[in-house]
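First up is the structure itself, then whatever we jot down about it.
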Amino acid sequence: MDLAALRTQQQQLAASVERADRLDRDPPALIGGADVGFEQEGEVTRAAMVLLTWPELELVEYQVARVATTMPYIPGFLSFRETPALLAAWEQLSQKPDLLFVDGHGISHPRRLGVASHFGLMIDVPTIGVAKKRLCGKIGELGDEPGALAPLMDKNEQLAWVWRSKVRCNPLFISTGHRVGMDSALMWVERCMRGYRLPEPTRWADAVASRRPSFVRWQANHG
């Protein structure tokens with residue numbers, strides 16, 4: 001595997017990421033959520049995609065796609081491993097969201113191309129990265145209280161907002177994916193909170209992917 005070529009490709013793609021707001025529909029009618037996991041000891045990549053209405057944040061559609069994993073796990077190159085399954089799930093949706101939350105990083109990546117940015121470029125849809133762990137950069141001083149906020153910085157460049165969404169929970173790393181500004185990304189994540197650590201779009205995507213009780217109950221109520 002030619003990592004140098006992939007690194008160059010990342011740098012070229014990162015230059016095309018739009019870091020300012022460009023939503024085709026504002027406010028959005030549908031907000032999507034995406035989550036990727038792996039099955040069969042990594043041999044299969046599974047992507048879950050959900051659609052929620054705005055502003056109700058009610059789940060109206062979900063799709064799960066499974067594809068053969070074509071690339072090993074290599075730190076910093078995860079988007080090449082995850083985007084084939086994301087694209088398969090995206091293509092199964094009967095409608096497309098106006099804004100998509102992706103479980104993972106956007107520009108808060110060593111080469112400014114996490115999966116939220118990479119996939120956003122592929123489908124040319126506004127995306128927001130919602131990650132649970134830091135990949136690069138330094139966190140400013142962050143309080144312990146819910147709502148505490150600090151920038152994630154690298155070489156005098158802000159890569160993300162580090163935001164503690166709930167008491168006694170690790171913070172989220174919220175970043176521009178594509179066609180959404182940094183402050184707007186934070187605003188939309190805040191607006192999509194309903195008392196959990198994660199915003200509803202990625203919380204539901206995770207629930208669908210892992211068949212959590214909340215999703216099982218939803219299925220029972222919706223046939």
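Glycine too: its Cβ is placed from the backbone N, Cα and C atoms.
Annotated features, as they stand in Swiss-Prot:
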- ASP35, ASP103: Mg(2+) binding site (BINDING)
- TYR73: site 'Interaction with target DNA' (SITE)
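ASP103 (Mg(2+) binding site) and TYR73 (site 'Interaction with target DNA') have their C-alpha atoms 17 Å apart, to the nearest angstrom. Listed in sequence order, GLY42, ARG81 are the same-chain residues at least 6 apart in sequence whose CB falls under 8 Å from the CB of TYR73 (site 'Interaction with target DNA'). Most Cβ neighbours within 10 Å, among the binding-site residues ASP35, ASP103: ASP35 holds that distinction in the structure as shown. In this structure, ASP103 (Mg(2+) binding site) is part of a beta strand by DSSP.
Secondary structure at ASP35 (Mg(2+) binding site), as computed by DSSP, is strand.
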